[in-house]
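So the structure is just underneath, and the comments pick up after that.
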4 protein chains.
Amino acid sequence: MAGNTFGKLFRVTTAGVSHGPGYLCIIDGCPAGLPLSVEDLLPDIRRRKPGQSKLTTQRKEDDLPEIWSGVFEGKTDGTPIGLVFRNGDQRSGDYGDIKDKYRPGHADYTFDAKYGFRDYRGGGRSSARETVCRVAAGAVAKKLLAREGIRVLGYVKQVGSVVADIPDPTAVTLEQVESNDVRCPEPDAAAKMIALIDEARMDRDSIGGVSELVAVGVPPGLGEPVFDKLKADLGKALLSLPAVLAFEYGNGFRCAEMRGSENNDVFVPTSGEGDSSPTIRTETNRHGGMLGGISSGEPIVCRVAIKPTSSIPRSQRTVTREGEATEILVKGRHDPCLLPRFVPMGEAMVALVLIDHLMRAKCGRLSG
Amino acid sequence: MAGNTFGKLFRVTTAGVSHGPGYLCIIDGCPAGLPLSVEDLLPDIRRRKPGQSKLTTQRKEDDLPEIWSGVFEGKTDGTPIGLVFRNGDQRSGDYGDIKDKYRPGHADYTFDAKYGFRDYRGGGRSSARETVCRVAAGAVAKKLLAREGIRVLGYVKQVGSVVADIPDPTAVTLEQVESNDVRCPEPDAAAKMIALIDEARMDRDSIGGVSELVAVGVPPGLGEPVFDKLKADLGKALLSLPAVLAFEYGNGFRCAEMRGSENNDVFVPTSGEGDSSPTIRTETNRHGGMLGGISSGEPIVCRVAIKPTSSIPRSQRTVTREGEATEILVKGRHDPCLLPRFVPMGEAMVALVLIDHLMRAKCGRLSG
Amino acid sequence: MAGNTFGKLFRVTTAGVSHGPGYLCIIDGCPAGLPLSVEDLLPDIRRRKPGQSKLTTQRKEDDLPEIWSGVFEGKTDGTPIGLVFRNGDQRSGDYGDIKDKYRPGHADYTFDAKYGFRDYRGGGRSSARETVCRVAAGAVAKKLLAREGIRVLGYVKQVGSVVADIPDPTAVTLEQVESNDVRCPEPDAAAKMIALIDEARMDRDSIGGVSELVAVGVPPGLGEPVFDKLKADLGKALLSLPAVLAFEYGNGFRCAEMRGSENNDVFVPTSGEGDSSPTIRTETNRHGGMLGGISSGEPIVCRVAIKPTSSIPRSQRTVTREGEATEILVKGRHDPCLLPRFVPMGEAMVALVLIDHLMRAKCGRLSG
Amino acid sequence: MAGNTFGKLFRVTTAGVSHGPGYLCIIDGCPAGLPLSVEDLLPDIRRRKPGQSKLTTQRKEDDLPEIWSGVFEGKTDGTPIGLVFRNGDQRSGDYGDIKDKYRPGHADYTFDAKYGFRDYRGGGRSSARETVCRVAAGAVAKKLLAREGIRVLGYVKQVGSVVADIPDPTAVTLEQVESNDVRCPEPDAAAKMIALIDEARMDRDSIGGVSELVAVGVPPGLGEPVFDKLKADLGKALLSLPAVLAFEYGNGFRCAEMRGSENNDVFVPTSGEGDSSPTIRTETNRHGGMLGGISSGEPIVCRVAIKPTSSIPRSQRTVTREGEATEILVKGRHDPCLLPRFVPMGEAMVALVLIDHLMRAKCGRLSG
């Protein structure tokens, strides 16, 4: 019950389905005094938007958010921010077949099993369209983080067998990420990924991949042991996104094959240019910026795996609601690869976790 | 702030440090009427206990829990279960050097950065000894789950380069897991793992690995979209454990290289032996028992990567609290590989998530 | 921070201000399968509506709710219910003076002190118009409660010095309450109250009162000691409403003058007509239906005091934002007495507490 | 379910029963750096202790708390504070009769109805002995509040028909409160109250009363509309204490008979001696220090009614667990009046609310 709120101090609550009037998003706990307008939300919303390129679904969504409350005279006023997204382009005829048959890889069956019935139109509540709320809330979080010198950036690291070589994740720029349709900052890999996605699309199939997410400027001390560790909350946030099957940070799964002497990062003094720089760092960042579940001051680096789109334009075996064997051909317009549009979603969830933990950490020490 | 409580309806709160009088654990929300005694907690506590074999630390902990409240005349009575673990074997001289130097891979620096100072004795609150509370609470959760026909079992899947071949995770038995010191149910792999751990230990080093966790009998319908999806809460739960760097379920990271037609599980009718069996299943279980973040009725299968022990008995470079370069030789008795003792911890966290979501799901439909 | 969500399992989150586009209300956790339409919400919304009679403000609000999500084919589907209320009648010129001066009895100064500035238009977030969300959510809760045989009813017990004599609160009917403008079920007292309110209005003043709230059919066992006792959550719920200064249940403040032998309710066997009737009751109900913070099965009876409207159409001394002495004449259309419109608000909060605790109590015992 | 945790940022979780080994209390979220020892907890624990005078129960409890964690080298270290209270004096023979009969005014029947059975020894979890945890946690909160210049003080305002005349609640000192056994700062009223309690005791009866609680130095801006208003959380906190039937602040129930012109407090400029003094105050404090549910900077003044002790040493009618009429004579040693020992409990709950809201308010504005 009641799983539609995220965060403890910076709280996001959403409602809405893809084929109803629209989505509601309430951000509760945003500090007062932040300049905010619809324009602040649009860049990331556009990066998430369907129909950006041939790599993404050709479905069109208007996605223009409206700020109904929480902003007064151009600044947040400390009261809950109410966002409204009206649904636009709904081809109501597209979902006839999914009413009675379960799409493989989708939540149709599990929603029915959970609630007894479901809004089958466009996936109802399980539609990834709800992530537009997360991306908007994440844009607010990013703006708050920027004031503290924290920047969150994601990109596509892998599509199918193509893995981009990105030796320094912290050197990647937004411009590099946005320079191509697949959002991979390494141009050669990007070209190969695009070809691979196109190939999958031509084969009436889809393909998976990996996104890497980086946060720089995160001060040491974020994360609340023993259960609300920063790594745990980042994992939860990213795994709550549709199609994410895996999460790792730092060395991640590779640590299984390593020895302690290879995996440990040794501490080193910093040259100490300027007063504000931290005086202690690690020589390497195999720990992905978190030790004991608390940020170390090193960049946070994590990765998630996104499965190939479950909706593929070919006939698949399945069963009806009554349990009889049948076939289904999922209609509609779907992304052949979810990765390009995932990037702003992933960034949003990282930003929501960081702002929440930043606010929590401020309570950790006595003032004065 | 305040990160020491886990769960929404079945809530576990812990306090304590490794070198104080002991640990406190309060389980709030356990239904009334469950037969419960210390004996129910002991098996898993013993599996977690240090000093079981040469593969684990030779440190001795008594770990005998006391039930102070919540159980009356042999049954839980609906009021909070209060558990007490007294600390035993504390070699107070062991931690002299870690007071002023930061151990690589540990939370010493991040705790200092967070709170201004730290209890350095044995790692203080960051000591993995706190997991004894989780394992005890998990044992209560397991007993509740067993009444619903749900069983949680973990084992070691990989140590270093040795990966056990376990074609059917649901066929693994507790007896197989407990049949060797490394807790790998495949005997040949187990033997190789043991050799590998021993080799690392002889080299004054440590080694990482992967644990696989399986839950069978989970009914369809657990998990609360859009944020408290079952996959998200499992990820958080397991990532909150010490040394866990990665989490995946079903195809996990392998999905990145797959196509939709390879990754999707098709639905099939079941032969339907008996009334209570589910009538709809999937032919394969690449989805690890969760679709749309909700359990599908198929077994839940997930994996986590555990890093090689950070404490290795060799000198490592580091800095002092004042930021000066130095070396540290971490004394004490440490596991050369964390995997064998991780298994009950991982099971406990999975059990805590499942009981919490089972209770939440019961509110999801109108009765009658 | 983040105080705009109410409830643990049946969760209501609201946003909106009186002079923006409207209000958003998200109900998360409503069980699936409840028939629900806008018509279910309208009766209580109309009882709360301004401009019902000369006893209430002549301000007009449209208050027609829209259900944007959570209802499919006429029934709740388990996903969050999204409600939208568009603001209608906004006389934007009315609030000029309150921008720079603090209205006595209002939250103008405290909002400024809290956030640094405030949306002064019509009180912004402190406007009682936000209670329209609560009343709508309460109507959903009431419908769920009705399925369990629980009915919540409120009425006006006192206005100024006029106290209605209502010997059996459980015998009051909705028809009696709605039979007059002041919502007092005792006709003679109602007439005197109406005269008193009219007198206050003529004097350019306002007047306070007491509302009594009754819930019948509440099963024994609701309430979660030691902190989330039913009495505590009812108190919080009602005190969270604007203008409520006091809460009591059962004997309430009168218990201060009583002896234990006068205040205790003795238990008696019931005649036991029918299987489903409780077998144990109390002879009297001085305890207002709660013992040890848990419902006893007897009717829940509580009372709240509502202060006289702070906005009175006469000049009052105050200070400017800069702290200089001045006078203010609060314009606009205000209720001379808040009591008549309070009744549905009070009922809503009681209903929200009861449904939340009913859902929580279901987890308290093992099934089977 | 799970109602044994209080607070959002400063969180108190308790377990334990009166006739088990003892109580556990975990305080999660206390900032690091606060000097703390058992001695800080003792004064309030002693004020709560049974057997202080002939006005209170002659039962003896040792009540010496042990700090098991969260304090290192004399200061809180940011990790959860674990407190342990061992139960001492338990006359196990005292509770034979209450096993099968329901004590009037107690929670025996409601616990049975809720959970199916109960720990009947000494009231089990419903024993007021659990408040020793609250008082200890409150002492920590008070110490934090004192650093911010906030002081919380309670006293007995009324016993039976004797009402103390205390024109300026903020002028009352701890010394005055502690100068007599009944904890009423007005000596004449105190003498009459003592006589009244003694009279009730001689009559084998008990008597109720009112406690007034005052917090001075509270900055404006605490409280989180619209649901977590300060008045709402204070009400919940105090109503969660055993035997509290009513809560009011400021004019409280008296506002029902008042007009707006009588109830409003006008704002006035302050003389402004010193930089740190607030520049805006109210001329009177009928609003009890809260406007719109947010603290105004004026002293917080509230009152609660405490019922006469339900356990009276005389035979009362009741029923058995099977619902048969019988009589019960409650044995044991009970307070003839709960008021004197209530004072530290009430202060503790006010302090817990204030520290929690102080921490929450710090997140409300952007820094810098």
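Using N, Cα and C of the backbone, Cβ positions are placed for all residues, glycine too.
Residues annotated as NADP(+) binding site in TrEMBL: C:R48, C:K54. Note: C:R48 (NADP(+) binding site) has non-local neighbours C:D63, C:T131, C:V132, C:V135, C:R341, C:P344, C:M345, i.e. same-chain residues 6+ apart with C-beta under 8 A of its own C-beta.
Sequence-distant contacts of C:R125 (FMN binding site), defined by Cβ-Cβ distance under 8 angstroms and a gap of at least six in the same chain, are C:V17, C:F111, C:D119. Annotation source TrEMBL lists FMN binding site at C:R125, C:S126, C:S127, C:G292, C:K307, C:P308, C:T309, C:S310, C:S311, C:R333.
Summarising the annotation, TrEMBL assigns compositional bias 'Polar residues' to C:273-282.
Here TrEMBL flags C:267-289 as region 'Disordered'.
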Most Cβ neighbours inside 10 Å, all chains, among the binding-site residues C:S127, C:T309, C:S311: C:T309
The answer, for which of the binding-site residues C:K54, C:K307 has its Cβ ringed by the most other Cβ atoms inside 10 Å, is C:K307
Which binding-site residues (C:R48, C:K54, C:R125, C:S127, C:K307, C:T309) come close to chain A, taking a Cβ gap under 8 Å as close? C:R125
Let me make sure I understand the span of the FMN site: among C:R125, C:S126, C:S127, C:G292, C:K307, C:P308, C:T309, C:S310, C:S311, C:R333, what is the greatest distance between any two Cα atoms, in Å? 44
Which of these binding-site residues, C:R48, C:S127, C:K307, are close to chain D by Cβ (under 8 Å)? C:K307
Helix, strand or coil: which one is C:R125 (FMN binding site) in, per DSSP? helix
Rounded to the nearest Å, what's the C-alpha distance separating C:K307 (FMN binding site) and C:K54 (NADP(+) binding site)? Just drop the number here, would you? 19
Taking Cα-Cα distance, which of the binding-site residues C:S127, C:T309, C:S311 are within 10 Å of C:K54 (NADP(+) binding site)? none
